[in-house]
Amino acid sequence: MATTVQPKATDYGAANIQVLEGLEAVRKRPGMYIGSTDQRGLHHLVREIVDNSVDEALARHCDRIVARIGRDDVVTVTDNGRGIPVDTHAKMKKSALEVIMTVLHAGGKFGGGGYKVSGGLHGVGASVVNALSEWCSVEVTRGGKVYRQTYKRGKPTSKVTVVGEAPLDAHGTTTRFLADTDIFVAGHDYNFDALAQWFRETAYLTRGLQLTLIDERTDREATFYFEGGIVSFVRHLNRNRQAVHDRPFYVQRETPACDVEVALQYNDSYGESTHTFANNIGTIDGGTHLSGFKTALTRTINDYARRNGLIKDGEALSGEDVREGLTAIVSVKLADPQFEGQTKGKLGNAEVAGAVQAVVNDALGAFLGENPQIARKIIEKCLNAARAREAARKARELVQRKGGLESFSLPGKLADCSERDPARAELYIVEGDSAGGTAKQGRDRRYQAILPLRGKILNVEKARLDKMLQSNEIRTLITALGTSVGDQFDVAKLRYHRIIIMTDADVDGAHIRTLLLTFFFRHLEQLILDGRVFIAQPPLYRVKAGKEERWTYTEEQRQAAVAELGEKAEVQRYKGLGEMNAEQLWSTTMDPARRTLMQVNVDDAVLADETFDMLMGSAVPPRKKFIQTHAREVADLDI
């Protein structure tokens, strides 16, 4: 959706601001409002303020936003939107600026007429940032004047006052805040790359908006502006893949239910990269816009193929067939989005499915009809996927005919647990027979199952499903989990609700871990989204002095242990799990009371998709560049 600046401040005043409730509990329970008080929560503060400015861009009143992280950790966000209203709010009897900054659920986003669409649905953005900041100040340029109000931990420390004059055509808002380290105990640990990735996505999704991120602490700066919008987004995602057709499909239409914007392009990979957004918010769990898109894509491609004699009457390409090698962005903008859950992970508006389906049916059908060469390339890709799917089905049936796990003739045997309730059972995936033997001896066999895998599993980023199912190790893993994969996937059949990857702390172990994570992300992503996948953190060192010993997991912990136990302390570096005996492995890595597990999650589906493609895909140059860029960050490399 193109953004054209319309600087008039009419139709956006205090009357548009509706108040739902007060701002009492934010400091007491910050996690309810920003998810966490770690780095993600800190970034959430920046995003909330920037989102308010993006809402102005969506309303076509803003085309430039600058966010600056100062050397003093103060964040400053400036836009050239209409400026927050400063006139008196009729109900609250105070400036609308003060209401927005100090009252929860106050904003022009609840049917008050301030915005048609908004990403900050809950309206908590500015007030929550204010409440969780040591101090905050807002300057508004509007109507020929510059207004300012200051706050301390959410409470005003000044009135809204005029602090200067400005040209009548000048307009915008500048918000400055210092996050409160009483709340964010880890400090001001802003990550430029993580914020820049979100800025990039937002610029793609808001065509015509220029977003700039400046980090004075590291002297880094990035500006994002994409006139091509989501078409540029699709090209960016496919930059390390070979496109099947040069020209992406694109459509943007307004419907009574929502504005629909879709771009797609096929590539030579075997996976699918479809990313969905509602009001610029990434919907990692999909929703009605995704279901409408999938239905339309499958129907339209089948209709075209049938009409042109590319498939026979009665035959049909499946949804999986038409989505193999697909990169797509589906973005909808609507006045009253209904998100399922506080995380806004899934769009629930029923009317959106029909709107997206109708738009894609019509526009994609026309695109294929007008571009027969592109259409034939796409359908040939889909037919190849269908043939591979049939081969995979036969391979899957072979797996199922072999029966239970006990009858499998495999390099690594599953040592199952006696617990039959999946919620209480966990599966350790370990590297090799040596570590597998130690783990089997050290485990609690009541609820801990062990699956040793021999060697490095297949890189599924470069393999179709039929080839993947020819791999003994992959088949072993799929059968052990019980869920199957592809169109047969059923999360209800998962046999263990905690899946723990336990590999050696060396280069080979890291590679095996990455291969397993690639498999889970590409074929069992729901298990990651459900929080079922973990990485065990075995100790790197044992520090021993006489009968005293310490297990340490970082270089800093090792140094502290040596300092504590004295000069006679002996240090043993563990590179393999097989170097520990069963009792040591249990006490350091498998005992729920003492072990350290890292939960695998996907905060940013687009970034995860790009990273797996870059690290595990066929294109070598981007991987080489990544290694050259990050090589110096590796502190302890075992070769």
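Yeah, the Cβs are placed from backbone N, Cα and C, and that goes for glycine too.
According to TrEMBL, the feature domain 'Toprim' maps to 425-539.
Summarising the annotation, TrEMBL assigns Mg(2+) 1 binding site to E431, D504. Counting every protein chain shown, the Cβ of E431 (Mg(2+) 1 binding site) has 27 other Cβ atoms within 10 Å.
The site 'Interaction with DNA' feature in TrEMBL is assigned to K456 (among others). Annotation for K456 (site 'Interaction with DNA'): same-chain Cβ neighbours under 8 Å, separated by at least 6 residues, are D508, H511, I512, L515.
According to TrEMBL, the feature site 'Interaction with DNA' maps to N459 (among others). Every protein chain shown contributes to the tally, and the Cβ of N459 (site 'Interaction with DNA') ends up with 17 other Cβ atoms within 10 Å.
When other Cβ atoms within 10 Å of the Cβ of D506 (Mg(2+) 2 binding site) are tallied across all protein chains shown, the result is 17. The Mg(2+) 2 binding site annotation in TrEMBL covers D504, D506.
For D504 (Mg(2+) 1 binding site), the number of other Cβ atoms no farther than 10 Å from its own Cβ, over all displayed protein chains, is 23.
Per DSSP, the domain 'Toprim' (425-539) is made up of 56 helix, 21 strand, 38 coil. You'll find the Cα of D506 (Mg(2+) 2 binding site) roughly 19 Å from the Cα of N459 (site 'Interaction with DNA').
Across the structure, N459 (site 'Interaction with DNA') and E431 (Mg(2+) 1 binding site) place their CA atoms 16 angstrom apart.
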